[in-house]
Amino acid sequence: MDLSRLLSAKSNIEWCEGVVSRYQYLEHVSEVGNTFTSLLYIVPALLMARRHRRHGLPFWFTYTEFWMCVVGLGSALFHGTESYLGEMLDEVPMSFLALGYLLQIENRHSYCMEGTASWWRIRAFAIGQTVLGWALYWYTHNFEIFKATFTVPLIIATVLLGTAKPPPQGRAMFYLQSVLAISGKTVWVLERYYYSQGTCPTDVWDVTYHLHSYWHIFGALAHYTAQYYQEQQALSTLKLKEDTKNKAGKAA
């Protein structure tokens, strides 16, 4: 199948902006607001990738930022073309991203210590349900299956982060990212409600017209604050290990 046919295949899901203003403002871009706000995902990912590299953090941090950039590009293609190819380039990377949030926590929670049975079980469950979920999603094209598959690793990661020892700076960034994530989910659900009722806002100056764009903005901000908190926590853990090693060396 050539690229033109892949781009012409319709996506599983559509959004209010596409319903009311499909290709209305730009000839080659279906949902202008949703497309360009998707690219905002790339900004915090690049900023955090630079920080992670400077601090010498483990591979999974860079892995997560890479997939966040791919999500931004895929989401822009999805909303710009409303194609099945664009949707897959948005949703598949989102699953890799969700796993990245979880895998970053290695050695920062008692259940996530490298080589332990509990950490093996957590990873096996998260990866296994992702693979199974995608198999079912490919077969059924049921978007609810994708949502559940994407959400499970996020919930596990959030619980582990919230119950792990906080960094010296406290949990402020953790709470902030939680508020941002909940706010984003709220506007996402509201947009889906308008779509399901056939009452999508039609006035571009109506604040509810841009609900899915707000989801992108909240998502980008939640990613930045979540990754900032994970970085603080990781650096605190690394410093503790280094201090313990130095004390052991002096004692010897």
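Heads up, the Cβ atoms here are built off N, Cα and C, so glycines get one too.
As annotated by TrEMBL, Ca(2+) binding site applies to Trp15, Glu17, Glu31. Per TrEMBL, the feature Zn(2+) binding site maps to His79, His212, His216. What TrEMBL records for 57-78, 122-139, 145-164 is transmembrane segment.
A map of TrEMBL features onto the structure.
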{"residue": "Trp15", "record": "Ca(2+) binding site", "Cβ contacts under 8 Å, 6 or more apart": "Glu31, Asn34, His79, Glu191, Tyr195, His212"}
{"residue": "Glu17", "record": "Ca(2+) binding site", "Cβ contacts under 8 Å, 6 or more apart": "Glu31, Val32, Gly33, Asn34, His79, Cys200, Tyr209, His210, His212, Ser213"}
{"residue": "His216", "record": "Zn(2+) binding site", "Cβ contacts under 8 Å, 6 or more apart": "Asn34, Thr37, Ser38, Leu40, Tyr41, Ser75"}
Sequence-distant residues near the transmembrane segment (122-139) by C-beta distance (under 8 Å, 6 or more away from its ends) are 92, 95, 98-99, 102-103, 111-112, 145-146, 148-149, 152-153, 156
Near-site residues: Zn(2+), ref His79, His212, His216, CB cutoff 8 A to centroid: Trp15, Glu17, Glu31, Gly33, Asn34, Thr35, Thr37, Ser38, Ser75, Ser213, Trp215
Residues lining the Ca(2+) site besides Trp15, Glu17, Glu31 (CB within 8 A of their CB center) are Glu14, Cys16, Gly18, Val19, Ser21, Ser30, Gly33, Asn34, His79, His212
His79 (Zn(2+) binding site), Cβ-centred 10 Å count of other Cβ atoms over all protein chains shown, is 29
Tell me the Cβ neighbour count for Glu31 (Ca(2+) binding site), meaning other Cβ atoms within 10 Å of its Cβ, over all protein chains shown. 30
